[in-house]
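Shown next, in structure tokens, is the structure this report addresses.
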Amino acid sequence: MFAVFSATQLQTFNTPAPCRTVEDLTTGAAISQALHQIDPAWFTDGWLSRIKTDVEDNWRLKMSNLKKILQMVVDYYNEVLAQEISDFTLPDLVKVAEHSNPVEMGRLLQLVLGCAVRCERKQEYIQIIMTLEESVQHVVMTAIQELLSKETTAPFGAELSGDLEQQLKKALEDLTELLAEKEALSQRCEELDIQVAALQEERNSLLAENDVLTDRANQLDTFDDPSTPSGRKHSQLQQQLETLQEENFRLEAAKDDYRIHCEELEKQLIEVQHRNDELTSLAEESRALKDELDVLRNCSDRVVMLEASVETYKRKLENLGDLKRQMKLLEENNMTYMQNTVSLEEELRKANAARAQLETYKRQVQELHRKLSEETRRADNLAFEMKKLEEKHELVMKEKERIIIERDSLKEINEELRCTQAQQHQLSQAGMLPSGSPSHDNLAAELIPIEYREKFIRLQHENKMLRVQQEEYEREKIAALQAQLEEAHKTRSELDTENRLSRERISELQQQIEDLQKALQSQAAKPDDVSVKPCKYSICFLRVQLNEAQDEIMKKKELLEDLQPDNTQTSSKVEELMAALKKKDDDMRAMEERYKMYLEKARNVIRALDPKLNPATAEIQALRNQLADRDKQIVNLERQCEQARLREYEEKLIVTAWYNKSLNFQKLAIESRLGGRSSSVLSPGQSFLSQQRQVSNAPRQTIAVSATTSK
């Protein structure tokens, strides 16, 4: 609020820079130009030229300009006005420059306003303030009072200017009270003017109504007779009119009194302003005297300080001989330290070179570990696919067995049909059976009563339909559970693979830690060796990696434990369904055996009647062709399964060879690093080839993956 009013007041300076909004003021150009107009002797042209005008949206340049302005204003208060503003909260320039905070900008403009009302041209600026709107005047006076309440004079000379300051504050308070009283009187005058206007309008309306009523009364009867209604009305209106006229006269008299009182208050205000100017001039004289006294006191303090400095220099000259001897000793120590520093820098360069080589080896080892992990996962995936192919092969074998059983049953049915046809043919040739008898169609049907035969056929059909439905439902359910089980097995195999790789990584890290600890123990006798510190860093890094790997293994174990109940539950469901399916298969086999027994009895009867059978029909030949095609398909599937098993075996061998090779390379890298670190311990006569022979003679452990093929 104050920032907006101060921006309005700042426009009265007619600065070249724009100052309509808070954003325009954040550049500092308009404020600096206004300060230059307030006091050109203090805010000089040289200082004004240091304020950058082309800052645009760069808040750092804005902040630099505002810092210069604030520092110059504070110095103006302290040195020119001899006022300390320690109790006044200084504005936060970061908020002003970066966010255009109106509150902080108001504080800065409040300080500028204080400079304006205390400078040599203060009377001119006070007159400008008096010409502003009353709301703006009220805000400006509030800001001046707040600034005066938080200003404190310097402790020196307080007894000279205390009375003047009190008189100045009292004059400002009187001025504020007079302004408030003037505002209240002007508001009261406006209210009275409004009331007079309303009464005048009411009087005019009553006069108009009186004229109308007079005309009507002239037409009806006379107003002089008080006994008539119009006469009574006329007398009442006349009394009301007289009352309103008296009230109007009274209000006009009160208005004149208030106007006279307002003029008297304005005269008193002018007198108070003249008195304020006189007190201000006296305060300036007291400030000038106080400045001279400050200069004299500063000179006396400086004389005391110079005398103390002379005494100090005398004591220092006495201690100069001791300092020279100490300086010689320090120079000798410095030479020794420089030699030690050169040697340590040389060792540090060697250690940095070894560290760079170590980082290269680390990256190579990490790349090999990554490739090994990928190959291991691929091998596990292939093993899982192989297991699925074996399960498919088992299903194909079961299907083959079922087809063979179906083929045998079809052969038996075919033989029964041939026997029946042959028997019927012989009976028809012998004339034993008429052509229209029921046994001419089916000889075996005569062995069973008609009711039982129909019931047997109906039950057989229903049993077949129920069996097909039950098999389809159980097959779908088993397929869904089998898919879930395969997914769980696959997830478990992947987690097992990651767990195994993590364990291998842990074992390698533990081996590296042991090797590094041995190297540290061997180098413990040399405390000045620079390579001890990188080894410690390597041990710490490997321990961190070991802890991370152990945490990862624990997480994988928890995940396996979470998957284990689901896997167990799915396996139990699959086992229950397999048991139910097995029970159904047993029931079907029992029914087939009974059916075969009945067919065998019928076959025996037919064979007893006609031992000679006809050759195989075309239908039996078609069934045989189908069985041959099924056999070929089974052979092809077995061949594909065997090829897949061989490919899996080859991939496992490749993975095993790759893993052994990478492990050998890793061990060689570790041994070469350890050999490079302990090169200072080896004898000078040992050559590179002897070191390589020692590395090649080190024990190596290879890991072989067992792979078996089942045909």
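Every residue, even glycine, has its Cβ placed from backbone N, Cα and C.
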Of 256-279, 352-375, 424-447, 688-711, the range TrEMBL tags as region 'Disordered' is 688-711
For the domain 'Calponin-homology (CH)' (1-116), jot down how many residues DSSP puts in helix, in strand and in coil. 75 helix, 2 strand, 39 coil
Mean of the pLDDT scores, which run from 0 to 100, over the domain 'Calponin-homology (CH)' (1-116): 80
